[in-house]
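> When I checked Swiss-Prot for this same protein, it listed these features:
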TRANSMEM  8-28  transmembrane segment
TRANSMEM  46-66  transmembrane segment
TRANSMEM  68-88  transmembrane segment
TRANSMEM  107-127  transmembrane segment
TRANSMEM  138-158  transmembrane segment
TRANSMEM  176-196  transmembrane segment
Amino acid sequence: MLHSLFRLTLLFYALFNSLGSLPVFVALLKKFSFRKQQRIILRECIFALLTLILFITFGQGFFRLLEVSLPAFQLTGGILLGSLAINMMKALPSQEETFDQYEDEPIFYPLAFPVITGPATITSTLGHMEEGIFPKELVLGAIMLAWAFSLITLFFSSSINRLFGQMGLLALERLFGISLALMAGNLMLKAISTAFNIGYYVMA
């Protein structure tokens with residue numbers, strides 16, 4: 001149980017991509033005071049968590065209404081996860097110029113969605129809830145742990161950014177990218193195995 005919790009927490013922490021999004025937060029919030037930055041980070045993280053919970057609560061029923069199958073969830077989640085992994089592995093040293101256009105305080109977009117909770121996070125979460133390998137309580141517990149670790153990471157965004165520097169953060173982000181790419185491949189293999197009943201063995 002603890003091993004599964006650790007694996008899921010690591011997966012969701014990588015999906016929240018708080019380390020990879022540090023330059024984005026630093027660039028968007030640099031004009032605000034430290035106290036204001038902390039309030040914005042907390043608010044945006046809460047928005048991101050509520051968005052994910054909203055999809056967990058109502059998303060499954062909605063997709064069942066559309067007759068979306070488990071293999072479709074797994075395959076789509078794998079593709080989105082793979083796309084996110086490729087973007088993480090191809091990350092560029094600085095994104096500050098991209099966000100100079102935002103003059104006002106960011107509310108929900110782009111920090112809560114899609115920077116913290118994006119399509120890959122939502123689809124992967126729904127896929128894990130739908131396939132039933134892990135108890136839903138375990139998945140929700142892992143999400144809350146990953147969210148808490150992500151919040152702590154973002155609270156110290158400026159300090160971590162200075163400590164590791166751009167190259168150090170890039171190395172960490174690419175390491176997470178490789179892990180996500182492997183998870184994406186596993187999800188797609190699960191989808192093919194389930195759809196065609198070919199007996200692919202997947203460790204829980």
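Just so it is clear, glycine is given a Cβ too, placed from its N, Cα and C backbone atoms.
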> Could you tell me whether the transmembrane segment (46-66) and the transmembrane segment (176-196) have 3+ CB pairs under 8 A, leaving out pairs under 6 positions apart?
no
> How about long-range neighbours of the transmembrane segment (8-28): same chain, 6 or more residues beyond its ends, C-beta under 8 Å?
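Same-chain contacts beyond the ends: 41, 48, 81, 84, 88, 91, 94-96, 98-100, 102, 106, 110-111, 115-117, 120-121, 124-125, 128, 134, 138-139, 142-143, 145-147, 149-151, 153-154, 157-158, 160-161, 166, 169, 172-173, 176, 179-180, 183.
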